[in-house]
Amino acid sequence: MATILQHLPTGQKVGIAFSGGLDTSAALHWMKLKGALPYAYTAHLGQPDEPDYDEIPRKAMQYGAEKARLIDCRAQLVAEGLAALQAGAFHISTAGVTYFNTTPIGRAVTGTMLVAAMKEDDVHIWGDGSTFKGNDIERFYRYGLLTNPALKIYKPWLDQTFIDELGGRAEMSAFMTQAGFGYKMSAEKAYSTDSNLLGATHEAKDLEHLSSGIRIVNPIMGVAFWRDEVEVKREEVTVRFEEGRPVALNGIEFADPVALLLEANRIGGRHGLGMSDQIENRIIEAKSRGIYEAPGLALLHIAYERLVTGIHNEDTIEQYRDNGRKLGRLLYQGRWFDPQAIMLRETAQRWVARAVTGEVALELRRGNDYSILDTRSPNLTYQPERLSMEKVEDAPFSPADRIGQLTMRNLDIVDTRAKLGIYAKSGLLSLGSGAALARLQNDDPS
């Protein structure tokens, strides 16, 4: 039996990741009418744009689900989000502004926890709303099969019969209305939004055009800081970490990481912190564009990175950043639980995060405009007296020590000059006019 089913398996249990939106509502009711036994599973991810989570399973039952369950994924989502933070698992950035991989983290949690819930109900066929052009179809495929090796995949959006009958949103709305549910399409936005409590993604439609930008977006986790009429006041904030874990905001300790992140979202959101506009490579290598929000993670990231740079040495920081970019790509590709990702993540959590204890004070202004006001940690290797321009007692090194250190540099300076001479003789370098520095020649042998 094929892993991916191209036609509806009638008479069998079919699990569907049910959001309560038009697409999954129409798909669920259509599967019921065609003879399948739909089971609906909804992930509670703390979506900031979802007003009533408990209503979603009730809708699924009305539309024909044999069973509908709401799976609380918030604790696991925050745990994975903080693991990504500790490892710096973020590979997409533009001019120093970071995308925090909030959607890939959400898919890792959703893909595993929903399929695990389906196994409890003896459901081994799974469908979701991802399209064939996106990243999620591969992420869910990988996480689903990792969780249940017997899993089969059925997606209505890959079934030509479903496409022929309900190929667009207008057809789906008419189908639901005709079935007596009175379903009305929500007003079409100029873009689509996907969110969880870690962050929000705005993409597609008008945002596919690079001539459109952040100004058409209505933030759901913060304020439109680019609008002059939006008042944003300066705010001082403190963030405290213990062994790599954020534990306090503004002096208030949080035993529950979910509660801490929600408060971080509120603080960062008041300023529009963590919004970014990114062009990225999808898994299939085609480029896409998204506008992202992640106010809480952005706040924690600033404080965490400040402590990392004050505590660890240069080589450790280099490995942390290099491995973080590699891990970010693996996370983006749906490989968060692959052995190579676990190796990189565990290394950072053990040898980088464990030493990160301390408190950072910041002043937040508009958007990503902030200043660091203070950094305190018992583990700081930053010690100003080591490099003070004033006289200090028991100085760690003397002028004579530095003379000796510089003299040792003569060895590699001599070697470097010799190499430059070799390159000059071979025609790769020439002396610049009026200067003793070598210049690169044209590498064209002709």
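Quick reminder: no glycine exception, Cβ is built from N, Cα and C everywhere.
The secondary structure of T131 (L-aspartate binding site), as reduced to three states from DSSP, is coil rather than helix or strand. The ATP binding site annotation in Swiss-Prot covers A17, F18, S19, G20, G21, L22, D23, T24, S25, A43, G129, T131, D136, D194, and the record cites sequence analysis as its basis.
For E203 (L-citrulline binding site), applying a Cβ distance below 8 Å and a minimum sequence separation of six or more within one chain yields Y191, S192, S288, R289, G290, I291. Feature annotation from Swiss-Prot assigns L-citrulline binding site to Y99, N135, R139, S192, T201, E203, E280.
Per Swiss-Prot, L-aspartate binding site is recorded for T131, N135, D136, and the stated evidence type is sequence analysis. Remark: T131 (L-aspartate binding site) has I137, W157 as non-local neighbours, by Cβ distance under 8 Å and separation of at least 6 in sequence.
Put simply, of the binding-site residues A17, G21, D23, S25, D136, the one whose Cα is nearest the Cα of Y99 (L-citrulline binding site) is D136.
Within 8 Å of the centroid defined by the CB atoms of T131, N135, D136, the record's L-aspartate site, lie the Cβ atoms of S130, K133, G134, I137, E138, R139, excluding the listed residues themselves. When the Cα atoms are compared, G21 (ATP binding site) and R139 (L-citrulline binding site) turn out to be 21 Å apart. Taken residue by residue with DSSP, E280 (L-citrulline binding site) is part of a strand. R139 (L-citrulline binding site) and S19 (ATP binding site) have their C-alpha atoms 17 Å apart, to the nearest angstrom. In this structure the C-alpha atoms belonging to E280 (L-citrulline binding site) and S19 (ATP binding site) are separated by 26 Å.
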